[in-house]
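Chemist: Pasting a structure below so you can have a look.
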């Protein structure tokens, strides 16, 4: 009981004072026993915390994150890789971190320096393991790129580590043992949660000063659920979606799907008191935190219901800056792809256009750089789509045959325009929201996006429910494959990853049970 209490207090203390590092930093990946919801378990942690330290930088910075692997708990993966979610990695595809797409995993006892320049990108991003389902064991954290020329800077007073809000699911068994249809044991808000049967677990506290304007950055780091997020008696003014500025939109709640991010401005103009912060998942038990005004008592809030609350609709989001006109011409798509999602009736794994994605032995990037490999010999066979450079690609999802909807899809290396959103039959060729992760909806939906092939390299397109990705719901775009070598010479350290990885005595990962 004493150990339980100490672990809980340490974790709560860590979340009260978020650690920030970067843009140049060391990041150690190691196992530790933690108790974020009152249940003690082994986890995979970045920098020793859950979530990991917030990596920060300014627009135009070069990030140099030296990742060292100290993992040794063989109930989970002991190799690792880090994906920098939402960053385009122009001329640095080898730093994208997608295991067996752009690199082999980092083996235990070894390090790898991720070095990349984010260019003009600013906003709210995150990092997570992209090897198996490892990030479900804890390896995930926020990455914020601040904008000295933020067009909305006059609308808020405070934007720092205290205004980052992370949501995630948590499981009480190691990720390789998690069954794909399992309900998460708890929801963690800023790394703190609770589950039935455990008494006196603390709430995450978000401290604010009265009569200030805060830019909060909301991230869904879940492996599975989406959440409806709200703060009692407060309006949320959305100004960013997935690293892209949007026209200000006032709502009472935000439904946020796995891997999505939003910035919203909150004005602390209510009476000095405590207010509930809600994260209601589409499956599992809800979680709450406390928005605490300075001067209010150390007490639980009262319930305050908002009459006729206004929920976020994706079709109401519009970019502050429009994309290139070629992206929005109604008949301007060079290539149109239908993505049919289904499930294999034999093993219950997922299919994309009739093919289950499986990781190749040699990363796709290395295959592309090997001039002796023809396109027909590329692996995984049937899951690689070759795209020409500087074309408008239109993708539409047909999710009707795949269970466990809705599926949030993320495209590496790009932002895209959401021409048609889930729940809508309308196409928007005027001012569609730009983002990198989209909800593909339910039966009858036909979500459509467009992007421009201006970034040579292999880029993964996949469901961000991590169990679905690992069981086949993905494909790779080999974009401007003839330009990849000239775009980014492979570094010596990248070349060394595979020989080291394949020298290990065994790879300790198996597919989660399919039932």
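For all residues, glycine too, the Cβ spot is worked out from N, Cα and C.
According to TrEMBL, the record shows the following:
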DOMAIN    30-149  domain 'Plastocyanin-like'
DOMAIN    161-295  domain 'Plastocyanin-like'
DOMAIN    357-482  domain 'Plastocyanin-like'
SIGNAL    1-18  signal peptide
Chemist: Could you tell me the mean pLDDT over the domain 'Plastocyanin-like' (30-149), as a whole number?
Modeler: 97
Chemist: Reported in the order helix, strand, coil, what are the DSSP residue counts of the domain 'Plastocyanin-like' (161-295)?
Modeler: 6 helix, 69 strand, 60 coil
Chemist: Per DSSP, what is the residue count of the domain 'Plastocyanin-like' (357-482) in each of helix, strand and coil?
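Modeler: For the domain 'Plastocyanin-like' (357-482), the helix, strand and coil counts are 16 helix, 46 strand, 64 coil.
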